[in-house]
Every structure is written in C-alpha cells, then in structure tokens.
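Would you mind keeping the following structure in view while I ask a few things?
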Amino acid sequence: MKFRITFINWHVEAGTRRKMKRLLSFQRYCHASRLLRGLVPHTPGSLHLLDDDYLGQAAHMLSKVGKWNFDIFLFDRLTNGNSLVTLMCHLFNVYGLVHHFQLDMVKLHRFLGMVQEDYHSQNPYHNAVHAADVTQAMYCYLKEPKLAEQLSPLDVFLGLMAAATHDVDHPGVNQPFLIKTRHHLASLYQNTSVLESHHWRSTVGMLRESRLLSHLPADMQDMEQQLGSLILATDISRQNEFLSTFREHLDNQDLDLQLASHRHFILQIALKCADVCNPCRFWELSKQWSERVCEEFYRQGDLERKFDFEISPQCNQQADSVPAIQIGFISYIVEPLFEEWLRFTEPSPLSQNMMGHLYKNKARWSPESRRGISEDKF
C-alpha cells in the first residue's frame with residue numbers, strides 16, 4: 001500500500017469533521033505501488049530534454065556545491081526540477097558511496113526518483129527543493145575539518161540519506177493540526193513526532209520497494225533504525241533536549257568522534273542545523289525561504305479559519321507578520337543552536353560565515369531596519 005498526502009476539494013463547505021478528514025486524505029492512502037502502476041520516476045536521465053547550455057550551467061554549479069552561497073533555486077531550474085535527484089547522485093559519486101556499498105545504479109535512481117516525487121511541489125516550503133537545500137547544507141557540514149576525517153562511509157551515507165528524505169511526503173501542515181483534526185497519522189504515532197515518524201516510515205517503505213539495500217548483509221540492515229534516529233531528531237519539539245545534551249558535551253569536552261554513538265549524535269545535530277539553516281544563508285536566499293515558510297503557515301491558518309478551528313501560532317496572516325515570525329524563529333531556535341555549532345567547529349570559517357549572515361539577516365528583519373528599507377526602496 002502506498003500512502004501519499006494530498007489535499008482535495010479545497011472549496012468544500014465548512015462544517016463537520018468528516019469533511020475535514022476528507023480534505024486531509026493523504027496521497028499514500030490506498031495508493032497502488034509505483035512498481036505496480038509502472039510509473040518511471042524522474043531521474044537525471046530526463047536532463048537530455050534540457051538545452052546544452054542549461055546542462056553546462058548545472059554541471060558548473062555542481063563543481064561548487066560545497067560553497068555556502070550555492071543557489072538551490074537556480075540549480076533546481078537548471079535541472080528541470082530534478083535538483084534533489086541530481087544532487088544526491090553527484091554527492092554519492094563524490095564520496096564513492098555507489099562503489100563502497102555496491103549500489104545498483106538503476107535501483108538508486110528509482111529510489112531517489114520515488115523520494116523526489118513524494119515531496120509535494122504545491123507546498124511553498126516543505127518540498128523537494130527544501131530537501132535538496134538541506135542536503136547541500138549537510139554536505140557542507142560533513143566537510144567541516146572537525147568532522148570530515150572522523151566519518152565512516154556509513155556515516156556519510158546516513159547523513160546524506162537523512163537530509164534528502166527528512167520531510168518526504170510532508171502535508172504542508174504541522175503536528176498540532178493533525179492532532180486536533182484527529183488525523184489517522186496522529187493516532188498511529190500516538191501524537192508523538194507524528195510527521196517525523198511518517199517521513200521515516202515512508203523512506204523505509206521506498207527503500208524496501210526499490211530494494212536498494214537488499215543485497216547488504218544482515219548486520220547492515222539496522223541502517224533503517226539509524227536513519228530513523230536521524231530523521232526523528234528533526235522534531236522541533238525536541239530542540240531543547242538535543243541542545244542541552246550538545247551544550248553539556250561541549251562544556252565537558254567529552255565528545256569522542258572515534259565512538260560511533262558520538263558521531264551519530266553529531267550527525268543528528270548537523271541535520272538539525274541543516275534543517276533550519278535558512279537564516280544563515282545570504283539575504284537573497286534567506287528571504288525567499290522565509291517568505292515561503294510563512295506562506296505555508298498562512299495556508300494552514302486559512303484552513304483552520306475555514307473550519308472554525310483556533311488558528312495556530314504563526315499561522316494568522318492578519319496578526320503574524322513575516323518579520324516577527326523570523327525574528328522569533330532566529331532568536332529561540334536558530335541562534336542558540338548555531339552558537340553551539342560554532343563552538344563545536346572551534347570555530348571554522350564556514351561557521352563564522354553562517355553566524356555573520358545570521359546576525360545581519362536578523363537585523364534586516366527588525367522593525368527599525370524594515371522601516372529604513374521601506375523608506376529607501378518603496
């Protein structure tokens with residue numbers, strides 16, 4: 001059974017919970033397997049449809065994929081919407097993961113195509129471009145000198161896979177929304193890490209359907225559990241838990257990256273950083289992501305208003321401005337996390353660069369700065 005998330009009939013009359021549940025029926029629900037349907041996912045092979053100039057520009061961008069100013073929106077356009085598949089194939093080759101794990105390229109392309117297809121392009125924020133952006137950020141973090149020499153091929157494989165799949169099949173609404181609408185996923189996962197559990201289980205389903213890892217020995221099959229541990233770490237409600245543990249390790253100076261468990265913890269932290277790194281990008285990219293995530297929040301708020309639910313925090317377009325949402329997000333989530341990441345990297349040029357962008361972007365979202373921009377440019 002293939003469960004997919006989609007919203008249907010946006011114009012139904014407000015009223016009963018039955019209508020709400022119908023509105024939120026997931027794409028995966030009662031969906032036949034892609035293999036049974038004979039669908040061929042989009043893969044880099046489809047790039048032959050692009051103009052040679054576009055292919056050349058995409059290849060040139062990949063040569064600079066480790067730079068923090070990488071423009072994922074441009075890359076997605078140059079790859080005809082295949083940024084996630086193209087990026088993952090490139091990074092797997094960079095690290096020699098295809099050879100190391102003896103991966104079948106047909107199965108790899110099929111799996112990555114399935115993942116990319118399961119992201120919802122109609123979501124302003126939680127879509128395949130976000131997944132590609134997080135993957136590119138993860139690659140930058142995996143290259144950090146403090147970390148790079150300690151990582152095993154399995155660490156790199158899990159880090160990149162978790163980044164690419166961490167939000168797969170995201171419905172464009174948050175966990176509290178699923179809980180208060182009594183959605184079946186909230187019941188299935190007992191109102192705990194509902195979306196993250198769904199992302200993980202969806203990924204496991206696609207791994208098994210594609211048989212990408214079926215040739216690996218039995219002792220490697222716990223990769224699914226390790227992948228789940230990484231994806232579940234992105235649950236924002238567990239932010240303080242991870243941040244406190246990270247800070248404690250740094251205060252005690254007891255992180256030992258020779259230990260697999262400690263490397264796994266740092267991969268969890270790296271993925272959390274990659275997932276919320278948009279305010280650390282240069283302004284033009286950061287602003288686009290900020291507007292996209294707020295648009296997704298506002299859509300949820302409109303849906304809640306339509307069905308006479310209490311509007312969730314940050315989802316009321318009339319009361320919650322983009323600058324206010326971003327300043328709060330930076331102050332309470334991003335800044336504390338990246339301050340500790342800066343300590344961990346001791347600090348690296350990349351971390352210093354990210355913090356510089358973070359402080360500048362926070363200042364630009366401030367009311368005083370916005371008034372100055374408004375007077376100067378409008």
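Cβ atoms here come from the backbone N, Cα and C positions, even for glycine.
According to TrEMBL:
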DOMAIN    50-372  domain 'PDEase'
ACT_SITE  H126  active site, proton donor
BINDING   H126, N127, A128, V129, H130, D167, D275, Q326  AMP binding site
BINDING   H130, H166, D167, D275  Zn(2+) 1 binding site
BINDING   D167  Zn(2+) 2 binding site
Test of understanding: give the count of other CB atoms lying within 10 angstroms of the CB of N127 (AMP binding site).
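A count of 22.
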To the nearest whole angstrom, what is the C-alpha distance linking D167 (AMP binding site) and H126 (active site, proton donor)?
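Each residue's Cα considered, D167 (AMP binding site) and H126 (active site, proton donor) end up 7 Å apart.
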Within 10 Å of its Cβ, which one of these binding-site residues (A128, V129) has the largest number of other Cβ atoms?
A128
Express the predicted model's confidence over the domain 'PDEase' (50-372) as a mean pLDDT, rounded to an integer.
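Averaged over the domain 'PDEase' (50-372), the predicted model reaches a pLDDT of 96.
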Given V129 (AMP binding site) and H166 (Zn(2+) 1 binding site), what distance in Å do their CA atoms have, once rounded to a whole number?
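That comes out at 12 Å between the alpha carbons.
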Using H166 (Zn(2+) 1 binding site) as the reference point, find which of the binding-site residues N127, D275, Q326 has the shortest Cα-to-Cα distance to it.
D275
Whose Cβ lies within 8 Å of the mean position of the Cβ atoms of H130, H166, D167, D275, the Zn(2+) 1 site, other than those residues?
H126, A131, V134, A163, H170, T234
What is the maximum Cα to Cα distance, in Å and rounded to a whole number, among the residues H126, N127, A128, V129, H130, D167, D275, Q326 annotated as binding AMP?
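Max Cα-Cα spread across the AMP binders: 22 Å.
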